[in-house]
Amino acid sequence: MRKPIIAGNWKMFKTVQEAVSFAEGVKGKAEIEGVESVICAPFTSLPALTEALKGTSIKIGAQNLHWEDQGAFTGEISGVMLKDLGVHYVIIGHSERRAYFAETDETVNKKVHAAFKHGLTPIVCVGEKLEEREAGQTKSVCKEQTDAALKGLTAEQAAQTVIAYEPIWAIGTGKSSTSADANEVISYIREQVAAAFGADTAAKIRIQYGGSVKPENVAEYMGQSDIDGALVGGASLEPASYIQLVEGAK
Ligand SMILES: O=C[C@H](O)COP(=O)(O)O
């Protein structure tokens with residue numbers, strides 16, 4: 001039985017004060033038995049957020065990490081540093097990072113290994129561009145990205161990984177994939193995990209859908225057989241909306 005996971009990806013939003021005020025608004029509310037609740041905040045808010053949510057079941061995630069532990073990498077943050085802050089999750093390979101910051105399947109894989117090295121759970125993003133979807137390449141793109149991201153992991157590590165299937169054309173556009181379409185791609189991704197790591201691992205790995213998920217449609221996605229949660233951008237920014245997302249995943 002896979003535990004549903006709702007992860008808010010705040011992207012480049014919120015000052016420290018705004019993050020703390022969000023934490024006050026969701027404490028005791030976005031904590032539903034049987035649902036994992038994660039907030040992936042900008043690096044600047046992580047210390048205050050871990051402090052503000054101490055003692056709650058809400059976990060904290062970062063949105064990126066470097067694959068090295070330390071070194072001359074101006075502007076980067078390592079797994080050692082995230083672990084030091086009490087962070088549990090880290091988003092890796094979000095399409096915005098692939099598009100604007102030149103992340104490749106190879107660097108995504110190095111980051112996934114770095115996350116495990118430091119006891120962080122990676123949330124690995126995969127998904128096709130609109131032109132790839134229109135060319136009928138959705139599944140091949142997702143297979144390539146999934147295989148590359150999980151390369152070299154043990155079956156146990158693969159089972160702990162969270163994959164977020166995010167069709168790029170659905171991110172922040174209000175044009176969400178239908179739940180049936182998302183489920184079809186996600187079950188295909190699960191088949192690829194089975195081929196690489198075995199059926200037991202595929203049965204354990206959690207795969208989220210992401211792309212214009214809102215309180216109004218989250219339950220529909222969660223009703224699908226293979227969708228284990230959601231990675232949510234815009235609708236995760238307000239406490240009331242975030243609480244409804246977590247409630248909707250039950
Ligand atoms: O990481 C989250 C996704 O990019 C989805 O963003 P969105 O919910 O604003 O469409």
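Placement of Cβ uses the backbone N, Cα and C atoms for every residue, glycine included.
Features as listed in TrEMBL:
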BINDING   ASN9, TRP10, LYS11, GLY172, SER212, GLY233, GLY234  substrate binding site
ACT_SITE  HIS94  active site, electrophile
ACT_SITE  GLU166  active site, proton acceptor
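Taking LYS11, HIS94, GLY233 as the recorded positions under consideration, the smallest Cα distance to GLU166 (active site, proton acceptor) is found for HIS94.
Here the Cβ of GLY172 (substrate binding site) has 12 other Cβ atoms within 10 Å, regardless of which shown protein chain they belong to.
Neighbour counts were taken at the CB atom with a 10 A radius for the binding-site residues GLY233, GLY234; the maximum falls on GLY233.
On a Cα basis, HIS94 (active site, electrophile) lies 12 Å away from TRP10 (substrate binding site).
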